[in-house]
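Notes for the one structure printed next.
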Amino acid sequence: GSIPCAESCVYIPCITGIAGCSCKNKVCYYN
């Protein structure tokens, strides 16, 4: 929830989700 994963999730889910990232405010964040 605090560290950006350098990925947006406006149109597609977070590919970095496999690394623990999740979508928040159209941006992928880690924890």
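Quick reminder: no glycine exception, Cβ is built from N, Cα and C everywhere.
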Of Cys21, Cys23, which cysteine does Swiss-Prot list as the disulfide partner of Cys5? Cys21
Closest of the disulfide-bonded residues to Cys5 (disulfide bond), Cα to Cα, picking from Cys14, Cys23, Cys28? Cys28
C-alpha of Cys9 (disulfide bond) to C-alpha of Cys28 (disulfide bond): distance in Å? 6
I want to check the contact list for Cys23 (disulfide bond): same chain, sequence separation of six or more, C-beta distance under 8 angstroms. What comes out? Cys9, Pro13, Cys14, Tyr29
